[in-house]
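Only one structure is covered here, and it is reproduced in the block below.
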Amino acid sequence: MRSAAFSLPFCDWKCRRRLGAADKWPLLKRSFRILPPLIAGGATTEVKEVEKFADEEDFIKAGGSELFFVKMQERKPMEKQRKIADELTKISSGDPMLDLIVIGCGPAGMSLAAEAGKRGLSVGLIGPDLPFTNNYGVWEDEFKGLGLESCIEHVWQDTIAYLDSSDPILISRAYGRVSRHLLHAELLRRCQETGVGFLDSKVEKIIEASDGSSIVVCEGDLMLPCRLATVASGAASGKLLQYEVGGPRVSVQTAYGVEAEVGNNPYDPRSMVFMDYRDHVKGKIISDEEYPTFLYVMPISSTRVFYEETCLASRNAMPFDRLRSKLMSRLKAMGVSILKIYEEEWSYIPVGGSLPNTEQKNLAFGVAASMVHPATGYSIVRSLSEAPQYASVITNILKRNSNSSQNNVIGSSYNPSVLAWRTLWPQEGKRQRAFFLFGLALILQLDIDGIRIFFQTFFRLPDWMWQGFLGSTLSSAGLIWFAFYMFAIAPNSLRICLIKHLLSDPTGSTMIREYLTL
């Protein structure tokens, strides 16, 4: 559901057929014809993308056929956010070797850099100096638990969902909209206070030196040495990291949104609409190859509203122009008139896919480390909450190595990074992720009626159970209880689908194997 988002072989009832094979790698070399953004207006634009990616999956993670819009989202102007380069000391090639270089300047990278600096490490932050542009939605209690409640700009005490009737499901959990500039300012302040350095540059590669240290190669062949490098540069990090071979194919959650001044808004501004799966365009025939979408609504006031049409997950990204068309059709059918558009949003979240190779020396964090919840698309709370512990582990590794009588840098015969990887992805975490991947594969197979039945059942679970599922706080054993409870209260049609899915989908056997691994 949102960067906040949610995510049977064949079942007997209304399960959609599998789509064909993905577009082949030459897709990268094509030109894409793009519809214009609503605010800018103008003619259709032709864009040629020339960026280099590690492979086809890396290209898909970066945005695939929707890459133009992903780049537009990244580069939206955010005047309230200060440039990182204006606040942090610039890193240069003549500086002493850094303990840690964090590659990537999103919330995950900045939080990890600040936490590592807080623990006494010399830290460098490297990446394009871009603002936070995504509209993050979070459960208020989770952000309060991180001490970041001051970064929430709007809170709805009531959260609701509509599935197939006008009677909402009351979720009874406060939901907040994160202020992008306040969160950016807070993380930047933490980096500044802990002495983190910064370089506004893309990273081309990471080289392991003969003494076991790492050399981060930036644009212009600028080489910066460090004792450890951690990649937090987003999903498309295949040039810098190795990922497990033979894992599940990555799926994608896409959403197109507008924040607008509107007339005849039908939603109560006191409530946040987590999902609205109702069919507002009556009688419309949905293509067999089209995934269902829902409306996500943040009413800032009775007339200023953020509407977002969201495809929970799909094997091939639902195009943004299709989502925009669906959103406008939905709003028109609801009688909503758009008077002024303040902002457009193009949200692209890869979900699922392979874990990083946990035997490699280079570390990862955030989305690059596959920390996105496979079944929901959430990641920011997990990244911010795990940054302190991860920074502590990295600090202990480096201090332990410094105290070694054999070497003052990381020796080539021993890979201490394995300890950090095991902290980030212990066997317990792999079991949980396998369960979520099983849920993602289930969602991918359901049509609109199946999804409605699934969520009707889901929100009948005890609050602590469904909240734990969304927040990744249920243990692997707790997830088994979740499955049993879900099965017990589900209608027979959903039970049959769950059984068939477990027995026939590869994610079922993978989940069982992970649960049996000690």
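Note: Cβ is positioned from N, Cα and C throughout, glycine not excepted.
These figures come from a predicted structure and were not determined experimentally.
Pulled from Swiss-Prot, these are the features on record:
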type: BINDING; residues: 100-128; note: NAD(+) binding site
type: TRANSMEM; residues: 435-455; note: transmembrane segment
type: TRANSMEM; residues: 469-489; note: transmembrane segment
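LEU100 (NAD(+) binding site) carries a strand DSSP state (E or B). Around PRO128 (NAD(+) binding site), the same-chain residues at least 6 positions away in sequence with a Cβ under 8 Å from its Cβ are CYS105, ASP200, SER201, LYS202. Annotation for the binding-site residues GLY104, GLY120, GLY124: lowest Cβ count within 10 Å of the residue's own Cβ, GLY120. The DSSP secondary structure for GLY120 (NAD(+) binding site) is coil. For LEU100 (NAD(+) binding site), the number of other Cβ atoms no farther than 10 Å from its own Cβ, over all displayed protein chains, is 26.
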